[in-house]
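Worksheet: one structure, shown below.
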Amino acid sequence: MLSFLQKLGKSFMLPIAVLPAVGIILALGREDVFNIPFVYQAGTAVFDHLPLIFAIGIAIGISKDSNGAAGLSGAISYLMLDAATKTIDKTNNMAVFGGIIAGLIAGYTYNRFKDTKLPEYLGFFSGRRLVPILTAIITIILAGIFGVVWPPIQSCINSFGEWMLGLGGIGAGIFGLFNRLLIPLGLHHVLNNIFWFQFGEYNGVTGDLARFFAKDPTAGTYMTGFFPIMMFGLPAACLAMVVTAKPSKRKATAGMMIGFALTAFITGITEPIEFAFMFLSPLLYAVHAVLTGLSLFIVNWLGIRSGFSFSAGAIDYVLSYGIAEKPLLLLLVGICYAAVYFIVFYVLIKALNLKTPGREDDDVDEVLDENTVQDVNENIMLKGLGGKENLQTIDHCATRLRLTVKDTALVDEALLKKAGAKGVVKSGGQSVQVIIGPNVEFAAEELRAAVK
């Protein structure tokens, strides 16, 4: 089950990757920016069809070779599922959840039947051409079931969503806490998609993220509080790790941490920072999770409201500024959070003598020069994963290599970190996650090339 959820979380990355560009288009077309209606409507169209985009993206993400036939099957499945369930009961609105179901149907159908050979007189429909046909048949059967069972499920989801929204800041704080606690397992994407794309409805769009860009005055509850963490808190934690580093390693540590901090501040990608201390001190990471939950509670209590299309970095802060509420106060909260994070990290690192970057007893965690990254991926990283023979599947999400290996005991964490990995997670069974950062796609391609 854990492996399935991790794979599902990874598959969310393709459709989510579309949203930053769409967010920029939407922002540029808004009345308060350039007031270009056709540009604004072009961006709105994507948010209006998020379920279809998720169906296509998840189908491709689930498929073993990311083939377009899986994406086509996902689109067919969603269109059929949506139309059929609404015919059975007009109140049915599976929204993004319908897209997820359709993507799963198409992805697993593709994996199972993509190599199927039919008799010669039906040979044209063999292999990948067979997948959309079988997907359609399976979808019709499941649509009949979902058309009947979905209304009570939808009622439960709506009730839970209304209950969480009714909790206000407390509910937002609980979400923020678990959002961070699930990162080590890579399951935070699953939680995020429930809150950001499913809960609440406004003018036909669902989820906190889509509702915010549709100008729902109540949206932003589950996004706003991440800005103080990602733009200010974690960059301040980087500063604390630089200050507490050994004098002989402070310059090298600063070079690495400045890059991490800028990435977090500008884009909102924070995993490279979090994995620098996550496993060194679970207590420190737990404090970080609590502070995240507290941030979501505080900004809600102060009546601050903002949102993002990708993550809570400076880019999305600027793009959302025109439709945000009290955006300047959000910066003040962020500055306060920077002070809190610096003090907490400085004190705990010193008091617990944590071996954060720059405080190691040996050089196993040193990151090699950027000029040797390609060689690292082909040699040291491959060796750290137990060699070609140990690798079964190679995939990735936004910041992590997601691998399946024959024997996790052969995975050498010290070697992987020496190769530039920010962290390693053995998440049960044969699954291994290697945290790389925003350039993970290139690392995955180089690793695939190395094992051929």
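Including glycine, each Cβ sits where the backbone N, Cα and C put it.
Swiss-Prot lists Cys397 with the feature active site, phosphocysteine intermediate. Among the features that Swiss-Prot reports, domain 'PTS EIIC type-1' is placed at 1-361, with the record citing sequence analysis. Marked as domain 'PTS EIIB type-1' by Swiss-Prot: 375-452. Taken from Swiss-Prot, the feature transmembrane segment applies to 8-28, 42-62, 91-111, 130-150, 163-183, 223-243, 257-277, 279-299, 329-349.
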Residues satisfying Cβ distance under 8 Å from Cys397 (active site, phosphocysteine intermediate), sequence separation of at least 6: Gly9, Lys10, Phe12, Met13, Gly186, His189, Val440
Among the ranges 8-28, 42-62, 91-111, 223-243, 329-349, the one whose Cβ pairs under 8 Å to the transmembrane segment (163-183) are most numerous: 223-243
Within the domain 'PTS EIIB type-1' (375-452), residues counted as helix, strand or coil by DSSP: 34 helix, 21 strand, 23 coil
Close approaches to the transmembrane segment (91-111) from elsewhere in its chain (Cβ under 8 angstroms; 6 or more beyond its ends): 8, 11, 50-64, 67, 69-71, 73-74, 76-78, 81-82, 85, 128, 131, 134-135, 138-139, 142, 146-147, 150-151, 154, 157, 193, 197-198, 201, 206-207
The transmembrane segment (223-243) versus listed stretches 8-28, 130-150, 279-299, 329-349: most Cβ pairs under 8 Å: 329-349
Averaged pLDDT, computed only over the residues in the domain 'PTS EIIC type-1' (1-361): 91
